[in-house]
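**Q** Take this structure, written in structure tokens, and hold onto it; I'll ask about it next.
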Amino acid sequence: MRPGSWRVITHYGFTGPIQRLQAPLRRSLARAAALSTRSYATIPSAPSSQPTSQESSPAASASASASAPATKPRPTYFKDTTLASLDDFIANQSSAAPLAPSEAYTLRTAQVGPAGKKRTITRLPEWLKTPIPSAGANPEFAKIKADLRGLNLHTVCEEARCPNIGECWGGSNKAAATATIMLMGDTCTRGCRFCSVKTSRKPPPLDPHEPENTAEALARWGLGYVVLTSVDRDDLADGGARHFAETIRRIKQKKPTLLVEALTGDFMGDLDMVKIVADSGLDVYAHNVETVENLTPYVRDRRATFRQSLKVLEHVKNVRGKEGIITKTSIMLGLGETEEELWDALRELRKVDVDVVTFGQYMRPTKRHLAVEKYITPDEFELWRQRALDMGFLYCASGPLVRSSYKAGEAFIENVLKKRASERVVSEALGQAVAAEEATSAKSA
């Protein structure tokens with residue numbers, strides 16, 4: 001091809017050298033070639049053998065040609081076939097039998113990838129699909145998000161890509177809305193193979209204003225129950241335990257009636273750091289074992305072990321007493337665990353008096369993370385919920401979209417905490433009354 005010349009080549013078969021044509025003219029030529037070779041889905045009706053009076057009239061022909069559009073309308077291709085009409089659907093709706101679980105929970109597959117390299121993937125089950133949250137559709141969602149940005153706070157809801165963010169942030173009222181604040185930044189020193197939080201050996205330093213900003217945000221929202229969590233900070237001497245405890249104390253100072261749940265790491269097994277957080281005034285101490293013991297080395301960071309997590313949960317009870325605090329943990333299903341391994345994990349948790357356990361479906365955040373071995377059906381989640389309750393757990397939230405800080409369990413836990421608090425008040429009042437009566441009797445004698 002000579003320098004300075006152009007060649008238009010289209011998939012319609014039109015080729016030819018064109019000398020320095022402008023883009024609009026090249027597009028016009030390509031459009032003309034397309035219209036001359038395009039096949040339409042709709043087939044025009046055969047022309048009538050008998051011409052009408054309008055066809056025989058030159059004036060009518062001129063008028064029709066003047067009013068005709070310059071380009072042909074874009075055709076519509078119908079590839080799907082309708083199985084039943086609307087009338088048939090309405091008539092059979094009342095008599096239609098419900099789907100069997102095997103039919104309702106059938107997983108769909110799809111072929112993806114370029115031609116010749118296609119692979120089969122499993123579609124996300126229908127029971128795991130949630131609507132995309134919108135700040136415009138829910139003012140409470142927008143308010144919480146704006147407050148977080150203004151105070152430079154992070155949430156595990158966003159960092160871990162939680163599917164419940166629209167439901168928890170968009171509660172119908174302030175008491176229903178929940179956000180799990182993630183302390184000590186958004187960068188973790190560990191690299192668990194299921195988690196999408198950023199990792200680094202040297203995260204940014206702690207924000208000294210974070211405890212006050214967190215307390216201010218929570219007081220502004222007017223919540224009754226809040227969950228605090230954090231990234232692991234193995235780069236700090238105390239693992240961030242004092243920062244965590246200071247945040248809880250600030251919250252309790254601003255709003256003593258606010259119930260606080262702290263979801264902490266294992267502090268590298270340092271039980272003194274666990275005690276610092278447990279003694280800070282929180283109401284629920286949560287620490288997740290994440291999976292069964294046999295899968296822990298493959299799922300969690302190698303610095304975390306199943307037995308180390310059990311020691312953390314056990315030590316909290318030793319510090320605060322069995323009735324003085326609620327302990328909580330969470331297990332992901334769908335990572336390849338067996339039924340017997342799950343039974344063993346629950347038995348070990350009961351041995352250290354864990355009160356609450358939650359089960360949720362593991363969902364792969366990105367292709368770099370562990371693949372999902374199995375999608376657990378809602379019926380299976382319900383089965384494990386009942387099994388956990390039968391084993392003596394105080395409460396169990398179990399479902400495909402349940403997460404460790406899922407708000408569904410918080411209402412129950414909140415009621416338990418309030419009931420225990422009222423019982424303590426009654427017990428103390430009764431003790432004081434008995435002591436006063438004994439003192440009066442002693443004086444009389």
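Every residue gets a Cβ built from N, Cα and C, even glycine.
Straight out of Swiss-Prot:
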BINDING   C157, C162, C168, S405  [4Fe-4S] cluster 1 binding site
BINDING   C188, C192, C195  [4Fe-4S] cluster 2 binding site
COMPBIAS  42-71  compositional bias 'Low complexity'
DOMAIN    171-394  domain 'Radical SAM core'
REGION    42-77  region 'Disordered'
TRANSIT   1-40  transit peptide
**Q** Mean pLDDT over the domain 'Radical SAM core' (171-394): what is the value?
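**A** Per the prediction, mean pLDDT sits at 91 for the domain 'Radical SAM core' (171-394).
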**Q** Please classify the secondary structure at C195 ([4Fe-4S] cluster 2 binding site) using three-state DSSP.
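**A** C195 ([4Fe-4S] cluster 2 binding site) sits in coil per DSSP, no helix or strand.
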**Q** Compile a sequence-ordered list of residues in the same chain as C192 ([4Fe-4S] cluster 2 binding site), six or more apart from it, whose Cβ lies below 8 A from its Cβ; state 'none' when nothing qualifies.
**A** E290, V299, R300, D301, A304
**Q** What are the other residues, in sequence order, whose C-beta lies within 8 angstroms of the center of the C-beta atoms of C188, C192, C195 at the [4Fe-4S] cluster 2 site?
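**A** Neighbours within 8 Å of the Cβ centroid, excluding C188, C192, C195: R190, G191, F194, S196, V197, T199, V231, D232, D301.
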**Q** Compile a sequence-ordered list of residues in the same chain as C188 ([4Fe-4S] cluster 2 binding site), six or more apart from it, whose Cβ lies below 8 A from its Cβ; state 'none' when nothing qualifies.
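**A** The answer is C195, V197, K198, T199, S200, P203, V231, D232, R233.
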